[in-house]
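Quick look at what TrEMBL annotates:
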- 27-47: transmembrane segment (TRANSMEM)
- 53-75: transmembrane segment (TRANSMEM)
- 95-115: transmembrane segment (TRANSMEM)
- 127-148: transmembrane segment (TRANSMEM)
- 169-189: transmembrane segment (TRANSMEM)
- 195-215: transmembrane segment (TRANSMEM)
Amino acid sequence: MVFLIVLACVVPASFLLKPAIKKAPGAWYALAALLVLLYLAGVQGVLPTWARGIVFLLMQKGALAAALFVVVMFIGVFPRDSKTRLYMAPIRAELSIFAGILICGHMLAYSVSYVPRLVASTITDPYVLAGLVVAALLVGLLAVLDVTSLSHVKTHMSTRTWKKVQKGAYVFYGLIYIHVLAMLLPSAMNGGSAAVQSIAVYTAVFVVYAVARVTRAVMDKKRKQAAVPVG
């Protein structure tokens, strides 16, 4: 499956490119914007076939953006004092913004197809309709989360307020899964093997994340309780 292949590449790449990402995040945001432009150009049929194939592999189903969001998710699962968390946490916001820019390309391309059909009321599948409603919610949440992840915005917010806003990321992750599920279910129920495989993979990833995140939250709570002096 494309998503798993992309994820397998993104994980080590994130580790290896961490110094470069931290040093010049703006360059990476520009790269993400370039990929979006190339994807939209490909949708219009103005890219060479070979380039279109590569760009569509990464962008059409949001595979690259989803893989980056998964990396961001799992960074938060590791204990705060772990080597992995200490090494990757400094670029967590940058990876999230990069992924957010990429997913905008996915949203723009599909809005061209779905918005006219919504206006004309020709979409009748309840799962697809639900997926589109969730997509609209994701757009709003993504805007808030990415804007407040920018360093110059974060510095003008109180730590308490910023943390409250960023907790919306958990809702965002959950909505990503719901959106993917809703959009794939019609094909899966009609026997589409690719859709079934995709649902299985995304379900496995998000279930593992949910279990790991809850486990870490429980462990953190126990550590705090143990640190409180008795009497």
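A Cβ is built for glycine as well, from the same backbone N, Cα and C atoms used for every other residue.
The transmembrane segment (127-148) shares the most Cβ pairs under 8 Å with 95-115, out of the stretches 27-47, 53-75, 95-115, 195-215. Only pairs six or more apart in sequence are counted, and the transmembrane segment (195-215) with the transmembrane segment (95-115) gives fewer than three Cβ pairs under 8 Å, not enough to call it a contact. Sequence-distant contacts of the transmembrane segment (169-189) (same chain, six or more residues past either end, CB-CB distance under 8 Å): 66, 69, 73, 96, 125, 127-128, 130-131, 134-135, 137-138, 141-142, 145, 195-196, 198-199, 202-203, 206, 209, 213.
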